[in-house]
C-alpha cells in the first residue's frame with residue numbers, strides 16, 4: 001500500500017497554488033463555491049476559507065469537496081462552525097485531500113478532525129503527514145492467516161477471543177466499565193505486543209472525552225512527563241461538532257493507526273466510540289447534500305461508507321489494526337440499518353452486563369452473550385474450544401437453575417446440580433480479574449494472564465480439583481495458582497480468628 005506522505009507547509013502550498021474561488025451560497029454547514037472555468041477542485045479536496053467576520057475576528061474554516069454541481073460550482077461540507085462566513089469570501093483550493101500528522105509525534109496528544117492539537121500542549125511536528133482518504137490494502141498485501149489477538153484478559157481470551165486485525169463490537173450501557181476495559185486493552189497491547197493505540201471519539205459527549213483523557217493520565221497510559229512514552233493518540237470529534245467533522249474524525253484516527261501499522265510495522269488497537277455516530281453524521285451530511293433518503297431515513301450510501309472505513313481496518317504482512325468499536329443500538333432495535341450494517345463487519349462481540357457489574361465482577365463481560373467467530377476448534381485448537389464450551393454449558397445450567405434456587409433454595413437441588421452451581425459460581429468469580437489501570441483505585445496489582453494459563457485454570461475448576469476451595473478464593477485473582485494461594489491465606493485467617 002502506498003503511503004502518500006507529504007512534508008509541505010500548508011501556507012506554502014496556498015501561495016503556490018492560489019486556486020481561488022468564492023462562496024456563492026451557505027446553507028448551514030454546506031457551502032457552494034464558484035471557481036474560475038478549468039480550475040475546478042477534485043472530489044475530497046480540502047478548501048480553506050480565510051477572512052474576517054463583522055467583528056474583525058479571524059475566520060479559518062476548512063471544508064471538503066463532496067459534489068461538483070456544474071456551472072463551475074462545487075458543494076463542500078465544513079469541518080468546523082460556519083458562523084461569520086458570508087457570500088463572496090475567498091476560498092483556497094489546497095489541491096489535496098485533508099492531511100493529518102502521523103507517527104510518534106501523535107502519541108499522548110489530542111487532535112481534532114483536521115489533525116490540529118486541541119490539548120494546549122503546543123504545536124505538533126507536522127513534517128510527516130498523510131491524507132485521510134486512501135484505498136484499502138490490496139488483496140496481495142493482506143495477511144490471511146487466522147490468529148488470535150491475546151489480550152491477557154481471561155474472559156475475553158477464553159470465551160470470545162479477538163482476531164488479530166479483526167473488528168470487535170463493544171456493547172454496554174453507562175457505568176458498566178467500558179472505559180476501564182478500553183484502557184486495560186490499551187495498556188496490555190503496549191506491554192505484551194509492543195503496540196500502540198489510537199482512540200477515535202466520534203460524536204460522543206465532550207465530558208466523556210475529557211474524563212477518558214484524565215483517567216489515562218492518572219493510570220499512566222498517557223505519560224505527561226515524557227509524551228513519547230505514551231501508549232495512545234486521541235482524536236476527538238464530539239457531539240457539538242458539525243456533521244462533516246463527526247463523519248471524518250473516524251478516518252483521521254484510522255489514518256494515524258495505518259501509519260503505525262504500515263511504516264512502523266506495529267500491532268495497533270483502534271478504538272471507535274461510537275460507530276453509530278459515524279453513521280448518524282453521514283446521514284445528516286447526506287440530507288444536507290440533497291440525496292434521497294433510504295430505509296428509516298438513513299443515507300442511500302450507508303453500506304458503502306461503512307465498508308470504506310471497515311475495509312481499511314485489517315492485518316497486512318507488516319502489521320495489524322485490530323479495531324474495537326462501541327456500538328450504540330437505537331431504541332434497542334438490532335434490526336435498525338445502522339447496527340445491522342455494522343454487525344456484518346464484526347468478528348467478535350463483547351457484551352458488558354449490568355447484572356455482573358452489580359455483583360462486583362469486573363470486567364463485567366457477559367460470558368454467555370459475548371461471541372466470536374474465532375472460537376472454532378480448527379483456529380483455537382481442540383483444548384481451548386472444549387474448555388470454553390464446558391464453561392459456557394456450566395454457566396448456562398446455573399442460569400437455568402437460578403429460578404429454582406430463588407424459590408426452593410439450594411438444598412432442593414440434586415447432588416449433580418449442586419456441584420454444577422458450586423463450580424459455576426467459582427467460574428463466574430474466576431472470570432473476574434484485577435486490572436493494571438485500576439490499581440490506583442483498588443490498590444490491588446493488575447494481572448496479565450496468558451491464554452495457556454487461562455485454559456489450564458478453567459480446566460482444573462471443571463475437573464473438580466478445586467471443589468473443596470471457597471469460591472471467594474477465585475475472586476479478583478490472576479491465574480489459578482493465585483487462587484489456591486488465596487484459599488490458603490483465607491483458611492489461615494479464619495483459623496487465627498477462631
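Keep in mind that glycine also has a Cβ here, set from the backbone N, Cα and C atoms.
Swiss-Prot annotations:
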- 6: phosphothreonine (MOD_RES)
- 13: phosphoserine (MOD_RES)
- 172, 173, 174, 175, 176, 177, 178, 179: ATP binding site (BINDING)
| remark: Filtered by Cβ under 8 Å and at least 6 apart in sequence, the residues in the chain of residue 178 (ATP binding site) near it are 170, 172, 273, 326, 352
| Env. residues of ATP site, Cβ within 8 Å of mean position of 172, 173, 174, 175, 176, 177, 178, 179 Cβ | 352, 357, 364
| Near the Cβ of residue 175 (ATP binding site), how many other Cβ atoms are there if near means within 10 Å? | 11
| said: Through the lens of DSSP with three states only, how would you label residue 178 (ATP binding site)? | reply: helix
| request: Only counting partners 6 or more residues apart, tell me which same-chain residues put their Cβ under 8 Å from the Cβ of residue 179 (ATP binding site). | output: 208, 211, 212, 215
